[in-house]
Amino acid sequence: MTQTPLKLFNSLTRELEEFTPVHEGEARVYSCGPTVYNYPHIGNMRAYVFADVLGRTLSWKGYDLTHIINITDVGHLTDDGDAGEDKMEKMAAQKAQSIWDIAKHYTEAYWADVKALNIREPAKWSVATDYIEEMVDFAKGIADQHCYELDSGLYFDVSTVADYGRLARAVTEEGEGRIDTVAGKRNAADFAIWRKTPAGETRQMEWDSPWGKGAPGWHLECSVMGEKLLGFPFDIHTGGIDHREIHHPNEIAQNQAFCGCGGLSEATNSGAKIWMHNNFLVERSGKMSKSSGEFLRLQLLMDRGYHPLAYRMMCLQAHYRRELEFSWEGLGAALTRLKRIVMAVGPLKDAASGAPDHPKFAPIGEKFAAAMADDLNTPIALVALEEALAVKKVDAGIKRAVIAEMDAVLGLGLFDLSRADLRLRPEGATITEEEIEAELIRRKQARMTKDFATSDAIRESLGEKGVEVMDGDPLGWDWKL
Ligand SMILES: Nc1ncnc2c1ncn2[C@@H]1O[C@H](COP(=O)(O)OP(=O)(O)OP(=O)(O)O)[C@@H](O)[C@H]1O
Ligand SMILES: [Zn+2]
């Protein structure tokens, strides 16, 4: 299944490009991680489901994968365009807690979601504050030629690198909307790579630097961790589509400066050869965002009785470059689809694994491989998986091997899931499963004696306790809480 060459959409060129690794046999990937000032919302988690599918696909294709995801615990301002307060400082002040405690709490919450969504652990979770020295060194190296100092910090002059903003296809003249209030900047798009602590203030997080006490800029962090851990150029840099506009163009500008600007090709001096961006999860009201206050957490989905992998399924059902609109109905449909698949996988669980390259599966295997190689087309790959499950009169071991291979790429963990696992107990539920089963037996007996009044009364009383009775459900789920 793994022969078709992998094509990925490169935001730098806005074209599909064949993946050819920088280092033979290897794939080095950096994904912008969460800013741990709050719980991640399910939109944030879409970015990591996408990066995970990318990583799994590269592993499946035989590349030795090194995936880095960072944890941003300093430097990300409330406005990506370099204005406002540090998100971490602001939350710490609001909660009257130390930034370190805030970071720890929300990093752990993020990791819990990562686990629940079957997102594989990266080679390293690089924590921004562990790399301050390296950040200062990086900044020192480019400061003379590319930066200037203002009272508020060290600024990067975007006119010193060729083609600034090419990733965003942005016009950088004034009036374009990325201007902020810092007086003295040479160009509207210039950004702080080091922010000085204002005179007379102390911050919870501040370090010494040649430009005074302060903290690194958010863009600097990712440039430095990418370079330190993967080396320039590495293969793929990922993030949400919002990063295509400011964060990644700024990272690229720093990387160009670090690599010496001229001489090198665009792919080489950008730090990474391929830049990939997932589109947003949106609600009717617009992009889901932490900053807007109200947002959906994975835990809330679970509290309402939706298994977290139903959300992963929902993500897989949409191509990562398409916007995905969240709805409870959509999530319910994804859960039902997952249930069907899990039930079809059930009988294969105990089969001894056979060889997956059976002729009966060849066309389906090719369809799956072509879909994944076509810029990670998971919606079609899912259909191929269902088609493989539907193949009749074939040895269970062979089928098991085919499904296992596909599942290793899609990451639903099908062989570890049972029908019962998928039935989560909603948080507010009062009735126990045993009570429900007992009531349903009573109802069955009533129906056998044609006592429909009692049968209806039982159904109604179960309904009042939040239990929906589903007579004749094709999946064999007699009830739902
Ligand atoms: N609605 C969304 N859908 C998909 N990806 C998203 C969405 N919102 C943010 N992302 C991505 O999630 C990842 C983590 O983002 P981060 O933790 O920095 O969020 P944030 O910018 O602090 O929060 P927000 O933008 O939600 O207020 C980034 O790659 C970002 O691009
Ligand atoms: Zn980043």
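Cβ atoms are placed via backbone N, Cα and C, with glycine included.
Automated prediction, rather than curation, is the source of TrEMBL annotations.
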Candidate ranges 97-101, 287-291, 442-446, 457-461 [criterion: TrEMBL lists as motif ''KMSKS' region']: 287-291
Annotated companion of Cys32, His247, Glu251 at the Zn(2+) site, TrEMBL, chosen from Cys222, Cys315: Cys222
Where TrEMBL places motif ''HIGH' region' among the ranges 34-44, 276-286, 419-429: 34-44
Between Glu251 (Zn(2+) binding site) and Lys290 (ATP binding site), the C-alpha gap once rounded to whole angstrom: 23
Remaining residues near the recorded Zn(2+) site, that is with C-beta within 8 Å of the centroid of the site residues Cys32, Cys222, His247, Glu251: Trp218, His219, Glu221, Ser223, His237, Gly239, His243, His248, Asn250
Winner by Cβ contact number (other Cβ atoms within 10 Å) across the binding-site residues His247, Lys290: His247
Annotated binding-site residues Cys32, Cys222, Lys290, filtered by Cβ under 6 Å to ligand 1: Cys32, Lys290
Of Cys32, Cys222 (the binding-site residues), the residue whose Cβ has the fewest other Cβ atoms within 10 Å: Cys32
Lys290 (ATP binding site) and Cys32 (Zn(2+) binding site), distance between Cα atoms, whole Å: 16
Packing count at Glu251 (Zn(2+) binding site) (other Cβ atoms within 10 Å of its Cβ): 28
